[in-house]
Amino acid sequence: FLMERKTHVKINRKEVILAKLRKSCSCTPQKLKNFVMDFFPVLRWLPKYQCKEYIWGDVMSGLVIGIILVPQAIAYSLLAGLKPIYSLYTSFFANIIYFLMGTSRHVSVGIFSLISLMVGQVVDRELLLAGFDLNDDAPSPLGDGSLRNDSLSNTTAFNLTIAGINAECGKECYAIGIATALTFVAGVYQVLMGIFRLGFVSMYLSESVLDGFATGASLTILTAQVKYLIGIKIPRSQGHGMLVITWINIFRNISQANLCDVITSAICIVVLVTAKELGDRYKHKLKFPLPTELVVIVVATLVSHYGKLNEVYASSVSGAIPTGFIPPKAPEFNLMLRVAVDALPLAIVSFVFTVSLSEMFAKKYAYTIRANQEMFAVGFCNIIPSFFHSFATSAALAKTLVKTSTGCQTQISGVISAMIVLLVLLFLAPLFYSLQKCVLACIIIVSLRGALRKFRDVPARYHVNKVDTLVWVVTMSASALVSTEIGLLVGIVFSMLCIVVRTQRPRTALLGQIQDTSFYEDDLEYENLSIIPKVKIFRFEAPLYYANRNYFLKSLYRLTNLDPNLEAARRKKYEKKEKQHLKKGNHRTANGLGIGETTLQLVPKQIDFQALVIDCSSISFLDTTGVNTLKEILKDYKNLNISVLLACCNPSVIDSLKRGGYFGRDFGCMREMLFYSIHNAVLFAKDQK
């Protein structure tokens with residue numbers, strides 16, 4: 001039977017687009033109100049805030065995250081190649097802006113190690129191109145609360161009149177200029193992606209690509225911190241192969257290791273790892289996580305200050321951190337042009353991590369987020385702070401997990417965290433002058449535990465899916481051994497190639513009938529299947545398009561043990577010879593055989609089927625090449641008196657076949673060529689003479 005298709009009313013796309021434009025461009029008070037409420041979600045949920053129920057959890061989680069943020073912000077400044085004050089600015093502004101614009105109740109947006117690394121790589125590259133010395137550890141005189149550049153802060157001066165910047169700008173000024181320009185452009189990209197609804201770009205970053213990218217970047221972060229751990233001064237490697245070059249330099253200069261830094265690092269790592277392991281083991285009994293990083297920083301700062309580790313043992317310290325805020329300044333347009341390409345992967349990674357975490361916790365706690373609004377939120381978390389000497393931000397998994405475990409209910413907790421950072425900015429920052437850089441490096445390295453533990457999951461990942469494991473390994477290797485941006489690009493391209501290869505060489509099978517049923521399955525995978533006499537059932541588990549056309553034909557000919565083109569050519573060859581011998585009046589062939597015997601030789605092996613059923617249930621679409629391939633099969637097998645029947649085609653495949661003329665001009669043969677189940681096709685084939 002042939003089912004009747006519904007008649008769909010043809011939609012006038014032009015009218016639809018015009019109607020949407022009229023609706024979008026119209027401005028009414030209600031529409032304006034909805035736009036403002038949607039753009040600032042805080043206006044919707046804050047008036048409904050249940051103070052008695054939520055306030056304790058929000059305050060507690062805000063305090064804990066604020067305490068964690070301060071040491072992490074100071075530590076991650078090493079990754080970004082900037083002074084700690086800029087990390088504190090970033091943490092403060094990001095929390096405030098996301099509170100106003102974010103739709104997730106739980107994610108913690110702020111400084112993130114992976115984003116800091118990407119920013120730091122661009123900053124280092126531009127500093128080198130400008131002629132600055134990356135290894136100058138001389139502290140700049142910032143104790144007066146200002147950020148004026150002094151000749152002592154870097155011996156290299158850079159004339160920036162070409163770039164439109166004050167010629168007196170030194171290394172630190174130029175570094176933060178690059179970071180803010182990069183951050184601004186990344187934020188603009190994210191806002192544009194939100195306007196044009198390009199959030200689908202995140203779909204091309206699979207879980208394997210993201211995990212591999214994060215793990216490879218973690219290896220790069222770990223490598224960059226080793227020199228601080230052991231207190232050696234080596235060039236900061238740039239460009240491709242940074243990880244290998246850095247390790248070579250480390251082993252070349254290992255004899256110059258600072259014993260004080262080595263001992264301090266060993267003690268800090270033992271304390272931090274032990275506290276983390278105990279916290280993970282007894283997290284259900286603890287009301288809030290142990291503030292281990294803060295305790296380590298306070299104790300280490302006191303020991304360094306009163307032990308005069310910088311003066312006596314030449315241990316590298318953080319230096320002066322000014323208090324207060326620097327006057328805002330617009331990012332330089334000419335610097336934006338230099339980093340426009342670098343900002344694109346930064347924008348995508350920042351957005352993807354934020355949205356994926358938001359969706360994960362929204363699903364866990366049964367509420368919804370708006371991905372497009374998240375794009376705007378994270379975009380403005382980059383654009384606005386870039387005017388206040390801040391750099392790029394993203395949601396961070398570790399801090400988000402801490403927020404939820406300490407009772408966070410809304411983004412009020414983010415405001416509390418911002419107040420803690422503000423307290424440090426206004427009053428407490430100078431107290432961290434004597435903090436050793438090796439302590440900050442220890443905090444960074446211990447925070448990478450989660451990403452580095454992915455190596456333990458490789459066997460389980462391989463057992464689940466070998467292709468995904470290969471994508472993870474390739475992305476991780478490229479991110480670590482080449483560069484983070486190239487690694488991300490390689491991961492995306494390689495994962496797409498894996499999909500293409502899967503469709504180019506998909507599974508194919510001949511099907512047999514499950515006994516006493518109307519169902520059919522792969523006869524190589526299942527026992528006790530019945531072979532249908534005179535009928536071959538072929539399954540192709542992929543779309544049929546130009547890239548896998550040849551594989552489709554080869555698989556069909558191999559499994560059916562019959563190439564219709566070769567068989568037709570063989571028959572024509574022998575028929576031609578027979579005609580030549582008959583014209584000569586010789587009733588015996590060139591081989592000395594009679595005509596009857598020759599007939600047997602024309603077909604060396606008897607064709608054991610008269611109908612070919614193609615199971616199209618896994619063919620999601622056909623392109624022009626796919627349609628022509630099926631038409632070619634139909635014609636070739638028809639020449640051998642073998643009928644070709646299609647089963648289980650979806651409507652889009654049927655439409656493609658109709659448009660391609662597979663069923664003829666009037667579709668009169670559709671009932672004899674197209675079936676809605678394999679069993680119907682088999683019954684029809686059995687009834688044929």
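Glycine is no exception: its Cβ is also placed from the backbone N, Cα and C atoms.
Range 96-119 is the one annotated as transmembrane segment, of 96-119, 432-455 (source: TrEMBL). Within the listed segments 212-230, 535-553, 668-686, TrEMBL records transmembrane segment for the stretch 212-230. The transmembrane segment (472-501) makes no contact with the transmembrane segment (54-76): fewer than 3 of their CB pairs lie within 8 A, with pairs spaced 6 or more apart in sequence. Long-range contacts of the transmembrane segment (173-192) within the same chain: residues 80-83, 86, 119, 122-123, 126-127, 130, 132, 147, 149, 158, 160, 165, 198, 329, 331-332, 335-336, 338-340, 342-344, 346-347, 350-351, 375-376, 378-387, 389-392, each at least 6 residues beyond the stretch ends and with a Cβ under 8 Å from a Cβ of the stretch.
Among 54-76, 96-119, 212-230, 410-428, 96-119 has the largest number of CB pairs under 8 A with the transmembrane segment (335-355). The transmembrane segment (54-76) shares the most Cβ pairs under 8 Å with 410-428, out of the stretches 96-119, 212-230, 410-428. Note on the transmembrane segment (410-428): residues 42, 45, 49, 54-55, 57-59, 61-63, 65-67, 69-70, 73, 85, 88-89, 91-92, 95-96, 98-99, 102, 104-105, 108-110, 323-325, 403 of its chain, located 6 or more positions outside it, place their CB under 8 angstroms from a CB of the stretch.
Residues 39-42, 65, 69, 72-73, 76-77, 79-82, 87, 90, 179, 182-183, 214, 217-218, 220-221, 224, 342, 345-346, 349-350, 353-354, 357-358, 361-362, 365, 367, 369-370, 373-374, 376-378, 380-381, 384-385, 391-396, 399-400, 402-404, 408-412, 414-415, 417-418, 444, 447-448, 484-485 of the same chain, all 6+ positions outside the transmembrane segment (96-119), place their C-beta atoms under 8 angstroms from a C-beta of that stretch.
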